[in-house]
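S.K.: The following block contains the structure, expressed as structure tokens.
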Amino acid sequence: ISVNLTDPVFRGIYHGKQKHQDDLDEMKKRCEAASVKSLIITGTSLRDSHHAIQLAKENGFYATVGCHPTRSTDFDNHTDGPQAYLEGLDTLISENLTGRGRVVALGELGLDYDRTNHAPIDIQKKYFRMQLSLAKKYHLPMFLHSRSAHADFIQILSQEGFGSDGGKFVGGAGGVVHSFTGTTHEAQDYVNMGFHIGINGCSLKTSENLTAALSIPPQWIMFETDAPWCSCTSTHASKPHLDQLPPDYRSVFYPAATQPQRFVLGKPVKGRNEPTAVGGVAWVIYSLHQQAREEALARGEQREEVPYWKIVQKAFKNTVELFKLQELIDT
């Protein structure tokens, strides 16, 4: 549900320098090998949303349109002012709601208090609230971002009519709080409000993260990578669980990679997360459920075993239903 395909690293460009040849097509082949059926490309500004839609149309994927909280100053810096910037997002959505490469969500939008050096809190809040009007107008699910801002985040959503049932009463269509790194209580708040929760490598860094991820009911969870960022790494609490990944899964979720300066066409690049890793994220959630079951059995409690395929299938179904991607099942 979250791939930053507009990032130039997928074209071999790092910090403005071409380090290796464009390998987007090779990355897509690796996705197919890992059974990744499609991608939702994240739009993080008006300009990047244009790019996301272009890539989605070229590759048969999907896109989101919105302004990330750290880019909120783009509204004020726009040549014709904030209202014109919002109208630009509005037009981009209205012109791309159907067909190949269509817009399936409003976002990325929300609040990020960890990076207020990019946009002050008052600016983030103002333009988060302003963008919510587009979710109501187009009845689109939202692709949401909240970092160290939970109280203000849920307050604004509630004040704008999204406090329950995903905002259905005001024309909303729910959404997903992606790259979740919050607490068990925060996860429960989102579920109570009618929002799904997206889990990636950054969601699985600490033991507290694992506890929060395990608490998410199956009908509300989604899996993502936020590629090229948010990898599962050797220092994360997820590592012991990924160490149990069967070799045939590992070979397609985490194929052998090379350094950018030693690039080999057909192999992924070290340090660049790829959509294939979504299978590993799902495996960690499966492993957490297995561990919880074993602990319950040791206490004399009965708990049903949930196989890996069932966890994957449920998250996929959640995604298809929220973003209205029925064609992925039909095909």
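Count begins at 1; order follows the chain as displayed.
From the backbone N, Cα and C atoms, a Cβ is placed for every residue, glycine too.
TrEMBL entries are annotated by machine, without manual review.
Per TrEMBL, divalent metal cation 1 binding site is recorded for Glu108, Asp226. What TrEMBL lists as divalent metal cation 2 binding site is His145, His178.
Can you walk me through where each of these features ends up in the structure?
M.R.: Neighbour density for Asp226 (divalent metal cation 1 binding site): within 10 A of its CB lie 25 other CB atoms from the protein chains shown.
Take the CB of His145 (divalent metal cation 2 binding site) and look out to 10 A: across all protein chains shown you find 24 other CB atoms.
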S.K.: Determine, to the nearest whole angstrom, how far the Cα atom of His145 (divalent metal cation 2 binding site) is from the Cα atom of Asp226 (divalent metal cation 1 binding site).
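M.R.: His145 (divalent metal cation 2 binding site) and Asp226 (divalent metal cation 1 binding site) have their Cα atoms 12 Å apart.
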S.K.: Which ones in the same chain are close to Glu108 (divalent metal cation 1 binding site), with CB under 8 Å and 6+ residues apart in sequence?
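M.R.: Same-chain residues close to Glu108 (divalent metal cation 1 binding site) (Cβ under 8 Å, separated by 6 or more) are Thr42, Gly43, Thr44, Thr64, Gly66, Cys67, His68, Phe143, Leu144, His145, His178.
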S.K.: Over all shown protein chains, what is the count of other CB atoms within 10 A of the CB belonging to His178 (divalent metal cation 2 binding site)?
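M.R.: By my count, 29.
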